[in-house]
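Here is the structure we will look at, set down as structure tokens.
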Amino acid sequence: MRDRHEIELMKRVVVGRGTRRELPKVIKALGFDGGEVLVVTGPHVWSEWGDELQGLLEKEGFKVDFVTVVEPSVEEANKVLEGLNGEPNVVVGFGGGKAIDVAKYVAMKLGRDVVSVPTATSHDGIASPFSSLKGLKGPTSVKTKTPIAVVADIEVIARAPERLNRAGIGDVLAKFSAVRDWRLAHVLKGEYYGSYAASLALMSAKHVLKYSPLLKALSEDGLRILVEALISSGVAMCIAGSSRPASGSEHLFSHALDVIANRPALHGEQVGVGTIMMLYLHGSKLWRKVRKVLRDLNLPTTAEELGVEDEKIIEALTIAHKIRPERYTILGSDGLTREAAERLARTTGVIK
């Protein structure tokens, strides 16, 4: 058991059609009445929705300073900080995972609260207290700020590229292997394990499995289910105080691919494929079910569908344990041999 466990949770979650119009009201309800709002966004998102959002905020007396980011990196975040025109009262992350991850990091550096306004369901960073940024020393993610609120507009999300929205499905299903890794680390290494946070993360994954038919067409009902599952996953991380309930060996595999692949796929696509293989290593029959659901929902289940060479899959499996050596998973401390990695990828159908 930990000597001390601190939980920081968001104060408000608003999900529905047209909820972007409620953003000024939500910000005011959280105690920010007027002043400057820093909006961190992406160029495509801002070109489509920026004028409307700026108008909504200015109408309610807020001064808006917006900045666009093109990649989730410490360098990009530092550019935002260096280019500030004033001292914002609150930061808004308005976009996909890149913009929101940078916004959370910037908010942490400024000592300000951050409101998450996701425009796609690409991964569970929309509600988590962690940011995955390039240029970090050590782990690929850093504890930043838990969003004080999440405002998810299904109308906006439905207009995101289908591939981006589908990617979040893979990130939610990854909880099946992540929680198993966490439990394994608890049993073998004495690491803290929070059963409540683990149960919440698993519930998100089970929810997506149960309602997968609604997700196939990415209907508004399906998108709402996916958004709520991603938010629940973020809450699980808040409760755990770490990314453990949401990120395990499947994420290490994905991060390894990011390092070595010539053209990595989307994060959620890669962890989905990783989940298939890691569940097999855990001896869980669930790997076949996850593979079937990913196939049914038009998500990659093979190296070819990821657009990654077979050799890169094998290499990623052999180096994944080195990405975060302090995070014990089914890959063990020594990782997989090349022979074991190739056998795993072939057995699960990831490579031919």
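Backbone N, Cα and C atoms are what each Cβ position is placed from, and that goes for glycine too.
If you check Swiss-Prot, you get these features:
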- GLY97, LYS98, ALA99, ILE100, ASP101, THR119, ALA120, THR121, SER122, SER128: NAD(+) binding site (BINDING)
- ASP124, ASP171, HIS255: substrate binding site (BINDING)
- ASP171, HIS251, HIS267: Zn(2+) binding site (BINDING)
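Separating the Cα atoms of ALA120 (NAD(+) binding site) and ASP171 (substrate binding site) is a whole-number distance of 13 Å. Within 10 Å of the C-beta of ASP124 (substrate binding site) we count 30 further C-beta atoms, all protein chains included. Here GLY97 (NAD(+) binding site) comes close to PRO72, ALA120, SER122, HIS123, GLY125, ILE126, SER132, HIS267: these same-chain residues lie at least six apart in sequence, with C-beta atoms under 8 angstroms from its C-beta. Long-range neighbours of HIS255 (substrate binding site) (same chain, six or more residues apart, CB within less than 8 Å of its CB): THR140, ALA320, ILE323, ARG324. Overall, the recorded substrate-binding residues ASP124, ASP171, HIS255 cover a maximum inter-Cα distance of 16 Å. Each residue contributes its Cα atom, and for ASP124 (substrate binding site) and ASP101 (NAD(+) binding site) these two points are 10 Å apart.
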